[in-house]
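Working notes, beginning with the structure itself.
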């Protein structure tokens with residue numbers, strides 16, 4: 001049943017043809033079950049393991065590698081001679097890479113499905129219903145409850161379905177619905193109709209929602225929605241409908257894969273076609289088919305060379321290292337790709353409660369009456385420091401600290417705060433923090449009493465556990481609480497009846513202490529406490545007191561105010577009818593006003609500076625809260641989201657104001673707004689959608705079940721460590737300390753990771769370009785193979801992989817949070833940078849071919865043939881006069897490939913040292929600024945010597961040890977790459993940067 005909150009309870013019962021006393025008949029239950037189904041959230045139909053495995057092979061790069069592996073297997077099968085064993089190494093290594101990637105991918109997918117399943121923890125096992133087939137209340141499985149059932153709930157119960165309240169069987173009914181609405185305090189419910197068709201869930205005070213908890217009271221309601229039709233079920237449907245977006249990095253790598261696949265296809269076909277004339281050369285036994293297969297192998301080698309096989313592993317390692325650094329800053333990342341996405345965040349949509357504020361209600365102001373006569377009323381005003389539940393703080397009047405025990409009014413105010421209170425402070429020894437036990441508002445009063453210490457209790461020798469309630473305990477030893485008149489909506493107050501624990505010198509007897517909404521309490525006051533005496537409360541005094549409270553409640557502070565009062569001569573408790581809550585207001589009359597406290601959920605001290613950093617970094621901060629607009633705007637001003645006098649028109653909206661806008665106006669509002677108040681979960685999702693339509697990268701925080709769809713939809717969903725399992729499962733990141741400052745630290749880390757990632761991706765790609773140029777040149781010029789596929793795999797995965805990973809440890813730029821967020825569409829490599837790394841790659845390719853050629857032509861241990869003979873080596877035979885006196889087996893020597901491989905590895909190590917900074921010279925940013933890079937380079941060179949010297953590795957990699965003279969030549973060919981890159985960096989700093997600035 002939709003909009004049950006609009007109708008009187010009797011009309012809702014009539015709709016279901018049921019009575020509150022009799023309940024549904026068995027026939028009605030059967031009909032409803034057939035119509036609505038069971039009262040449970042269906043399990044998510046996850047993908048099968050096979051489907052998940054197949055998904056991992058949808059990536060274009062992976063498919064190219066898979067094809068290369070399959071072709072290599074086929075070619076290896078037909079190999080002859082000593083290469084039979086080594087031929088299988090290459091396809092096996094590629095397959096191992098693909099299997100490892102698939103395992104990681106499947107594991108991550110399995111984790112992602114837990115968000116929807118986590119919703120089930122909010123479904124109760126059992127429910128209490130009234131049905132006509134049995135007298136009284138019966139317990140049934142919650143899944144068997146149907147719309148129309150009469151359901152009973154009491155304190156401690158989890159609500160089993162969405163209920164329209166029809167009767168409250170206690171003084172009050174309070175419900176913790178924070179998982180659904182995000183409200184930090186429990187909500188008082190009632191049974192009257194709410195004639196507002198656009199009421200948000202927070203305003204539906206006559207409804208109980210499935211999965212929420214009863215914190216006090218007892219009530220009966222009629223089930224109006226079950227299963228997927230409940231508010232919890234709607235959230236489940238929203239989450240199931242959200243398709244996870246690919247991160248900017250994933251999209252860039254997809255695009256890179258497409259471009260690379262096209263380039264590989266063109267180059268491979270070109271190499272094969274260009275060499276058609278050589279298919280029938282004598283080296284192939286005169287067989288055209290064998291020649292075609294030989295050049296097909298070269299084309300496959302080219303594909304292997306062009307694909308940076310180590311890139312997925314290096315990116316994963318870099319992101320994993322980033323997550324460890326973030327975890328040390330209290331940001332726990334659940335999804336690796338989102339680490340990089342943080343770096344291009346342009347909007348942070350943050351909850352107010354607990355993230356921007358401490359979520360620890362704190363009294364920051366109070367007043368008692370100093371003087372009162374017929375014409376005026378003077379107040380003693382005090383400020384209190386401290387923003388958490390830690391019972392430490394200073395009470396000041398003006399600029400001067402005061403001893404509260406010197407003010408009789410403050411002694412009585414502290415007494416009321418301590419006794420008219422059902423909550424307490426507790427020290428959590430495991431966490432090392434003070435925590436509330438009970439309601440946030442009352443805990444703030446308990447904490448205030450500890451700060452005031454009106455009886456000058458010696459607190460020095462106390463442990464923290466004892467300190468939590470020391471001053472409150474002293475007051476409670478003087479007065480004994482007899483009973484409590486609970487809060488009710490009509491009188492907006494609560495009170496306690498107390499008697500002295502020992503005879504008072506003045507003969508003082510029982511008292512009633514009252515706290516509540518100022519207008520309601522002051523209306524029932526006839527006098528006011530001035531020090532230790534009582535004075536009449538005149539209309540002038542009443543108005544001055546209310547004016548001060550209005551000022552506190554509506555100014556820049558928007559404090560939540562509570563009035564405190566005493567009834568000095570209450571009726572005897574035997575004469576009071578405590579079963580009839582309608583009489584409570586009669587007992588809370590003829591009151592004496594004592595004072596007023598103003599409290600707020602204080603902003604976290606470090607947040608204002610973090611918001612300033614966000615603005616410097618070009619990131620817009622938007623507060624989203626369920627609180628009213630006035631409070632939200634006031635907190636925004638305190639935090640610097642709005643200026644002190646800034647006009648907030650068009651920059652702050654309530655959920656209802658937002659709904660009143662046209663779709664296009666809503667889009668524009670999301671582009672300019674910095675505050676949304678009184679919003680529902682659906683608003684959050686719409687805000688994210690609108691921001692995404694402007695290509696904004698949005699980080700969205702949340703902690704409740706209601707936040708899960710928006711967390712899943714946003715590029716970066718951020719859940720609170722204290723939040724629900726559903727929110728954490730739907731989010732990419734969890735803040736263990738619930739602190740906004742941790743988000744900003746994570747964004748900074750994300751930017752640093754992206755900067756480093758660009759360095760190692762370009763480093764790896766320049767290596768691949770060099771390998772492609774090398775193979776392409778040897779094929780075009782008709783030279784012997786300089787590098788074979790298994791060597792290329794070794795370089796791409798191992799020798800290049802270690803320095804590339806170490807580049808992830810590069811120190812971040814000092815101005816990293818002073819730059820605008822980069823566009824998610826910004827290419828990894830484009831324009832000038834593409835030319836730079838193409839130039840380096842071409843040098844790498846030329847150098848490797850030159851090294852192999854040098855051995856054939858110039859090396860003392862080589863055959864000393866000329867370049868023309870080398871180009872025509874495939875025509876070598878005993879009958880060919882061109883090769884007279886030359887052993888044709890020399891073209892199978894391992895020396896030229898070893899020379900080429902050694903030059904490739906050495907140049908790549910030089911490239912790695914050059915990559916500490918994108919544009920800074922090695923003289924300004926030397927390699928030792930990243931010690932891990934030096935270690936990685938040393939390890940890569942050690943591994944290179946390992947394959948040269950330790951059997952059976954030389955056989956597998958087709959290499960052989962080099963002489964000292966040959967190593968000198970390797971260094972002579974390799975080291976100039978440093979000078980080339982320094983020249984390109986110089987141009988980049990002094991010319992390209994100026995051109996980009998002018999643009």
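Each Cβ is built from the backbone N, Cα and C atoms, and glycine gets one as well.
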Recorded membrane side (Swiss-Prot) equal for residue 783 and residue 919: no
Further Ca(2+) 1 ligand in Swiss-Prot, beside 768, 771, 799, 800, within candidate set 657, 664, 908: 908
Residues flagged as transmembrane segment in Swiss-Prot, choosing from 90-110, 111-131, 132-152: 90-110
According to Swiss-Prot, which candidate in 11, 703, 737, 813 joins 351, 353 at the Mg(2+) site: 703
By Cα-Cα distance, the member of binding-site residues 307, 796, 800 nearest residue 706 (ATP binding site): 307
Maximum Cα-Cα separation in Å among residues 353, 442, 489, 515, 560, 625, 626, 627, 678, 684, 706, which the record lists as binding ATP: 36
Positions on the same chain near the topological domain 'Cytoplasmic' (918-930), where near means CB under 8 A and six or more residues out: 755, 758-759, 806-807, 809-811, 978, 982, 985-986, 988-989, 993
Maximum Cβ pairs under 8 Å to the transmembrane segment (829-851) - stretch from the list 49-69, 758-777, 898-917, 931-949, 965-985: 758-777
Helix, strand and coil totals (DSSP H, G, I; E, B; other) for the topological domain 'Cytoplasmic' (918-930): 3 helix, 0 strand, 10 coil
Intrachain neighbours beyond the transmembrane segment (931-949), with Cβ under 8 angstroms and 6 or more residues off its ends: 794, 798-800, 802-803, 805-807, 809-810, 898, 901-902, 905-906, 908-909, 912-913, 916, 956-957, 959-962
Per Cβ pairs under 8 Å, the stretch of 49-69, 254-273, 758-777, 788-808, 898-917 packing most closely against the transmembrane segment (965-985): 898-917
Lowest local Cβ density (other Cβ within 10 Å) among binding-site residues: 353, 706, 796: 353
Candidates 353, 560, 626, 678 (binding-site residues) - the one closest to residue 796 (Ca(2+) 2 binding site) by CA: 353
Cβ-based isolation winner (fewest other Cβ atoms within 10 Å) among the binding-site residues 489, 560, 678: 489
Which of 254-273, 758-777, 898-917 contacts the transmembrane segment (49-69) most, counting Cβ pairs under 8 Å: 254-273
